[in-house]
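*Asks:* A single structure is presented below for examination.
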Amino acid sequence: MSQMRLVIVGAGGRMGRALIKAVSEAPDLVLAGAIEPPGSDNLGRDAGELAGLGKLGIEVTDDALELFARAEGVIDFTVPAASVAFAALAAQARIVHVIGTTGCSAQDEAKIEAAARHATIVKSGNMSLGVNLLAALVKRTARTLNEDFDIEIVEMHHNRKIDAPSGTALLLGNAAAEGRGVALETEGVFTRHGHTGARRAGDIGFATLRGGTVVGDHNVIFAGPGERIELAHKAEDRMIFARGALTAARWARGRKPGLYSMRDVLDLTDF
Ligand SMILES: NC(=O)C1=CN([C@@H]2O[C@H](COP(=O)(O)OP(=O)(O)OC[C@H]3O[C@@H](n4cnc5c(N)ncnc54)[C@H](OP(=O)(O)O)[C@@H]3O)[C@@H](O)[C@H]2O)C=CC1
Ligand SMILES: O=C(O)C1=N[C@H](C(=O)O)C[C@H](O)C1
């Protein structure tokens, strides 16, 4: 099979740079373009140099439409408004769109779902194998334990992160809710301050920590009477997300349009 031609959007970001490196290390993939927003200082720079690799001969541009027309897939770790716009363009070009962007609103999700009628979209709050396996374990654990076990999700990220709770924390919260047969929308508790009253049985609580250069730590605590189970993941390197995104692109190649998740890609659907 020929090399898969991929465009990286948000090429100058923390994940964009990791993705350029990951694509350049993969013999079956080729970098077909690199995109930054209009006005970015990175426009016109070489994508390889941006990622600290030396010249790759791919100039960073803001012309997504032109690049998407010549590519098979786009990898997107940007911001919600950009991902919604890129999904519409991916639908127009009928290509694969891998979305790692977090912090999307319900309206953003609806627009992405609409784009998935024509684009093959894989979207996940976390592209790593470890976190998706953790989500399966959380779901399984929540299914066994009743409401005597209080579920709390603690996450910590670097001080540049702009959304909370993390996409991963929400993914894990949804896994816990699914395991328990409830909806996170009604059971989730996202803030506590002041005289909150006692914890309600069945709550799924979230706590958000921000500081330093932490790549991403998540801990799901099942606190029961006299015992506590903790399931945790610590990301040490953004390359785990980048490689996961490339696994998703390969999996989506040639697949019919639709909205998929890493659960589909990693065949964890039985959990
Ligand atoms: N699902 C997963 O596994 C993971 C998800 N993420 C998520 O990915 C996202 C990005 O994270 P991170 O790389 O740390 O963030 P950064 O802020 O470092 O990077 C975001 C990049 O997107 C660019 N961008 C913004 N708007 C546009 C646009 N319209 N067109 C093209 N590029 C645009 C920014 O450019 P500029 O700076 O010029 O605005 C920047 O280069 C976040 O939502 C994060 O939570 C992160 C890691 C793993
Ligand atoms: O912004 C980040 O850095 C990360 N974002 C994702 C999230 O919101 O869960 C994934 C990872 O934890 C890093």
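Going from the start of the chain as shown, residues are counted 1 onward.
Placement of Cβ uses the backbone N, Cα and C atoms for every residue, glycine included.
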*Asks:* Based on TrEMBL, name the residue from Glu36, Glu113, Glu147, Glu152 that is recorded for the same NAD(+) site as Gly10, Ala11, Gly12, Gly13, Arg14, Met15, Gly100, Thr101, Thr102, Ser124, Gly125, Asn126, Met127.
*Replies:* Glu36
*Asks:* Quick test of your reading of the structure: among the recorded positions Arg45, His157, His158, Thr168, whose CB sits under 6 A from ligand 1?
*Replies:* none
*Asks:* Which recorded positions from the set Arg45, His157, His158, Lys161 come within 10 angstroms of Asn126 (NAD(+) binding site), judged by C-alpha positions?
*Replies:* none
*Asks:* Listed binding-site residues are Gly10, Gly12, Glu36, Ser124; which sit with C-beta under 6 angstroms of ligand 2?
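*Replies:* Cβ under 6 Å from ligand 2: none.
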*Asks:* How many of the residues that make up the domain 'Dihydrodipicolinate reductase N-terminal' (4-127) does DSSP mark as helix, as strand and as coil?
*Replies:* 45 helix, 29 strand, 50 coil
*Asks:* With a 10 Å radius around each C-beta, find which of these binding-site residues (Gly10, Gly167) has the fewest other C-beta atoms nearby.
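*Replies:* With the binding-site residues Gly10, Gly167, fewest surrounding Cβ atoms within 10 Å: Gly167.
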